[in-house]
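Scroll down for the structure; my scribbles are underneath it.
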Amino acid sequence: MTANGEPVANSDESSLNTLPLPDIRTSPMPNGNGSHKSSTVIESQPKRRVSIIADAPMIGGASGGAAGYDNLAYEQNPRRKISQTSTHSHTEIGPARRRSILKEPSLHTNDNESDRGSTHSYENYRQSALDVLNAKYQGHQHQPPQSQDGANYVEDSWIYTFCLKCRGEEPSESWEPSFWQKVFPYPLCPTFRTFSRLIVLILIGLLLWIVAFVIIGDTAAPGGQLFSLVVLTVAANFGGYIISLTTLPRLIGMLLVGILFQNVGWVDLDGDFSKVTGHLRKFALTIILTRAGLEMEPEAFKKVYKTILKLGIVPWIVEAAVMTVMSHYLLDLPWMWGCLLGSIIAAISPAVVVPCLFRLRTKGYGVVKGIPTLVVAVAGVDDALSVAIFGIVSTIMFSDKGLGYQIAQAPVCILGGLAFGVIWGSIARIFPEKGDAYVVPLRTLMLFAGNLVAIYGSEELGFEGLGPLGVVFSSFVSNLFWCKDGWEVDDNPVSTAFEIFWMIFEPILFGLTGATIKINELDSHTVSIGAACIFAGVIIRIFITAGIAVGDRLNTKEKFFVGLSWMAKATVQAALGPVALKNLGSDASAEERKWAEIVQTVCVFSIVLTAPLGAILISITGTRMLKKTKQPQILTGWRRSHRPSIRDISIIDEEEEREDPETPRDKETDDNTQSNAHLTNLSYTASK
């Protein structure tokens, strides 16, 4: 460049000397962390100061100075994020380019200078804490140790990687005291925001316990049944979090914690308190069925409703029939008790299936043929069918009314459930008015209250199968109308509210279910034969599903994957497994109690055996049996807020999935590229 900063064209570029070139001045100002801040002023336009934090220039590269840092089009850090759709983490491909201060400037203009912290210096602060930790690790205080490839020992350790995977992304920058990173370096320790949130939850729980103790009395005191239930719920939630770090379903950890508490003697929820646990199960069942209805995409259901009904009903009937017959001949259950057990075991668990398929869909597997959407829709139909048939069979078994009443159970429950769904779903569309400022909480409470009335009311009327069908169908009809009014299935605030309800009731439900198992009272014959019946029904169902999926545009691998994805049992089994034993009166015979205990034991072990195995098989076989699309996925029909504890830790090694999806070519970019094709040899040089 010349002394005044004018660009000088090379001899090879003599044909371009007549082009008017803007006056560009670039002043490199390296900061203390090796990053580079460049200030660029363009003379041919109104002067605006643009500050962009980029990575340090690559000195001594193969391309040299002119082709490297001095060339404004040169990619200084090839390891940065290469697209907005990239899902790579910061640690895998290097830091992403930071946005300009011109982006949403209103966020910065009125900030108090003392409150506005530099994100870059904040990262320096965190890095300095890690450097000190590295130095202490090696016994040096001046120069942090470096491994052979130039990385810090701590950052290369498995525990650093594990802790980094466990940390979720914060929506905004977190404030923390000046000493926090020195004492608790990130990511080896949680952020101050996470710590403060935990403190708040502990304080809220403590204050509520004090109020409950004053009002209720001894049952809320340590050693009381209510206090034991609260402790069980908190411990089950923690156990679920530990298990979720392996990408297995949280409910496995919750169930195991319940089994542990029962057999160590830390919890006793029998006696009069069993009425409370029974009502909690009904609340949890209502939430499960409501979410099943809200997760069905109306447009997809209308397009392929024949396939959904075929794959949802026929395999269910086969698996329930297999369990009924095998339990009758191998476990000595009467036919009605076998039907009751079969109606529970044949249900699919959305709590296991949905998160696994969500991960596969975000990676592009099976999206072209809509396999994830199909599987989730069938799971909702399957659960509604299981709970409805269970209600009908249970009413017939425990009712002393006449034959006509028992024959009327099926048609009344089916027609009544559908009628309630249409009526209550239509009411939920009109009331409250869609423009109401409180439309979300009002719709949520109205749908929840109506569905609770359906569950309890159908039981009081003696048609127990009517309520579950009404809950699923009213949720589906409400969602259909709300989508017509402008809401989206994947961004439905009522669905988010019910997900929060489920986060509260999930540890309660599975903790209570695990607490029903007493290992010292288990019969080895019941456990082994029950496991054989479970796997026999699952295997036969897989082959039946693959056999009847003719004409559904699925190849052989995809048909078997669909069957495999429906093997996991959890939610319905946990909610309905202990119900038969609770329904027995004080005058029940010892033989009836034995049958009810067999049903409960088989249901619990179906969760333990199939939930983790189903999650693992979906993750492993999905990448091998489904076709992958390279296009970035917009999750239509899928809610965004799936468990934040389900991290990107994969139980299998999928190296090929770490590449960015191929983004479609942008027309405007192509036009600009063609119009600037004659400028390809133009380059700028900058003085140092």
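Just so it is clear, glycine is given a Cβ too, placed from its N, Cα and C backbone atoms.
Note that TrEMBL annotation is computational and uncurated.
The shown structure was predicted, so the numbers you read here are calculated from the model rather than taken from an experiment.
Annotated features in TrEMBL:
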COMPBIAS  28-43  compositional bias 'Polar residues'
COMPBIAS  672-688  compositional bias 'Polar residues'
DOMAIN    238-610  domain 'Cation/H+ exchanger transmembrane'
REGION    1-47  region 'Disordered'
REGION    79-121  region 'Disordered'
REGION    646-688  region 'Disordered'
TRANSMEM  198-217  transmembrane segment
TRANSMEM  223-244  transmembrane segment
TRANSMEM  308-329  transmembrane segment
TRANSMEM  335-358  transmembrane segment
TRANSMEM  370-397  transmembrane segment
TRANSMEM  403-425  transmembrane segment
TRANSMEM  437-457  transmembrane segment
TRANSMEM  494-517  transmembrane segment
TRANSMEM  529-548  transmembrane segment
TRANSMEM  598-620  transmembrane segment
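Contact between the transmembrane segment (223-244) and the transmembrane segment (308-329) is not supported, since fewer than 3 Cβ pairs fall under 8 Å when only residues 6 or more apart in sequence are counted.
Most Cβ pairs within less than 8 Å of the transmembrane segment (335-358), among stretches 198-217, 494-517, 598-620, belong to 598-620. Here the transmembrane segment (370-397) sits apart from the transmembrane segment (437-457); fewer than 3 CB pairs are under 8 Å, leaving out pairs fewer than 6 apart in sequence. Listed as Cβ neighbours of the transmembrane segment (494-517) (distance under 8 Å, sequence separation of 6 or more from its ends, same chain) are residues 229, 232-237, 240, 250-251, 254-263, 267, 269, 277, 280-281, 283-284, 287-288, 290-291, 294-295, 351, 440-441, 443-444, 447-448, 478-479, 482, 570-571, 574-575, 577-578, 600-601, 604, 607, 639, 641. Comparing 198-217, 437-457, 529-548, 598-620 for CB pairs under 8 angstroms to the transmembrane segment (308-329), the maximum falls on 529-548. Residues of the same chain lying 6 or more positions beyond the ends of the transmembrane segment (437-457) and with a Cβ under 8 Å from any Cβ of it are 282-283, 285-287, 289-290, 420, 424, 427-428, 431, 466-468, 470-471, 474-475, 478, 482, 493-494, 497-498, 501.
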